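To start, the structure under review is shown below, and the notes come after it.
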Amino acid sequence: MAKGSHNSSVARPKPKAATVFEQDSDGSDTRSLQLDSGSELGSDMGESADEEEEEEEEEEEEEEEEQPKYAQFMDDSDLEDATDDESEDENEDDVEHGAYSIEEADSDDEQDDLRQQMNKLPFSALMKAKQQMNGFSSDDDQDVFSEPDISDLEEDEFAQDRQRLAAAKAGKRPDCKSNGSSNSSRSEEALEQKRLEVRERLRQLKGGSTSTVGSSSKGAADEAWAEARKQREQRRKDANQRKELAKRSNKNAPTEISSKRPVSRRRNVIETASSQVRDPRFESLSGSVNKDLFAKSYSFLPEMFKDELGTLKKTLTKLKKLEAAQAGPKAKSEQALAIREERAKVEAALRRAEGLAGERERRARESAVKGKIKSQNKERVEKGLLPFYPKKSEIKQMLLKDKYDRLSGGGNQEGKRASGQEKKQLKKALERRRKKNAQKEKRDMPAGIGFAREGNGALPKRKRNTAGGDSNKRARF
């Protein structure tokens, strides 16, 4: 059987010689194929054909050896043994594959943990570590290296706030202070553990430099670590104090700020109280108006007004004499103009003072008349009679009568005779009253008596309205 197969293999026709391509063994980027020359192809053609025939014969012989020689020696036990061997081989392959997959999963978990830790680190810390590694590779002769600042590798100060916010959003925010304190302690412990891991990793990244550093450098590193930790704690305390200052006990309370904060140029450092003008007549702080009490409290004011009036009169007299000495009122010298201007100011002040004095005198007379009416009503009530409340017109007549009595000297309460000044004032008042009444009589009496063109009598130009209505209104024609 083997011989037949061997003869058949020998009797096969030889394959045609094909063009041989050799790939560049250098593994260049271009992956180019090099074509051999014609002389090399002719010499190698026969050798390649013989080698192919020998390889085919060897393969056929191996296949024949593997197959059983006689079919009568093949039984069920041999088949079972073959299947058992195949199953064992498959089980071994599965075990090896499972072990490999477990190791692969563990390595993937470690890579994920490492990636998460690296993601939590700030970018500045990674850049600093990279700079340190570049420095170590560039300078090999340096024996002692300064340890990097681990404070830059710490987690962001607001990471805890972000975690708390995320927990509140997820509905896991702690309600009591004990839970908050325990969570904060746990987070601090985890943060401390993470810092230690980062520190150890930095030492490993430095390589053999840590072995050369002695105990003194290690102690200095520990001191630097403790100092950085103190600084972090101080920053946290300052942040907590700022938060406490920002809080207010009440929404209407003023905002508290730190005194260490510099004052801006736009804000007033010391706010002065602004002066507010207050009129005591319209303020409730001054109480109700009491004219008698006011007159008693400020009884010195009338004397001051009289002195001021006398001073103004004397000043006006002096200015008139000076103006006459400077060539009369038509003089145009600077001194004469200044005197004339000062005289005008004094005259205006004198008129104003005299008007205020007359107004005060009128109010005093009116208050005296009203006080007299009030005392009379009080006596009437004591006698059992009804009080008498006069009209405004009656009060006006009473004031006029009191004025003439006082000017004439007959109605003076002290019984003194009127002075020459009062007599002059009385004459002026009577003259004004006479002119006023005469003008009123001229307006009421018929004027312009003459003869009419057609009639026999004269018609007055104006006449009183006797038909009715308001008697005070004039009749219009």
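Here the Cβ of each residue, glycine as well, is placed from N, Cα and C on the backbone.
According to Swiss-Prot, the features are:
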- 185-253: coiled coil (COILED)
- 333-361: coiled coil (COILED)
- 1-10: compositional bias 'Polar residues' (COMPBIAS)
- 47-66: compositional bias 'Acidic residues' (COMPBIAS)
- 75-95: compositional bias 'Acidic residues' (COMPBIAS)
- 103-112: compositional bias 'Acidic residues' (COMPBIAS)
- 138-158: compositional bias 'Acidic residues' (COMPBIAS)
- 186-203: compositional bias 'Basic and acidic residues' (COMPBIAS)
- 206-219: compositional bias 'Low complexity' (COMPBIAS)
- 226-247: compositional bias 'Basic and acidic residues' (COMPBIAS)
- 353-369: compositional bias 'Basic and acidic residues' (COMPBIAS)
- 414-424: compositional bias 'Basic and acidic residues' (COMPBIAS)
- 425-437: compositional bias 'Basic residues' (COMPBIAS)
- 1-286: region 'Disordered' (REGION)
- 353-377: region 'Disordered' (REGION)
- 403-477: region 'Disordered' (REGION)
Checklist entry - Using DSSP, how many residues in the compositional bias 'Basic and acidic residues' (226-247) fall into helix, strand and coil? => result 21 helix, 0 strand, 1 coil
Checklist entry - Taking DSSP states H, G and I as helix and E and B as strand, how many residues of the compositional bias 'Basic and acidic residues' (353-369) are helix, strand and coil? => result 17 helix, 0 strand, 0 coil
Checklist entry - According to DSSP, how is the compositional bias 'Basic residues' (425-437) divided among helix, strand and coil residues? => result 13 helix, 0 strand, 0 coil
Item to check | pLDDT averaged over every residue in the coiled coil (185-253) | outcome: 75
Checklist entry - For the compositional bias 'Basic and acidic residues' (186-203), what are the DSSP-based totals of helix, strand and coil residues? => result 18 helix, 0 strand, 0 coil
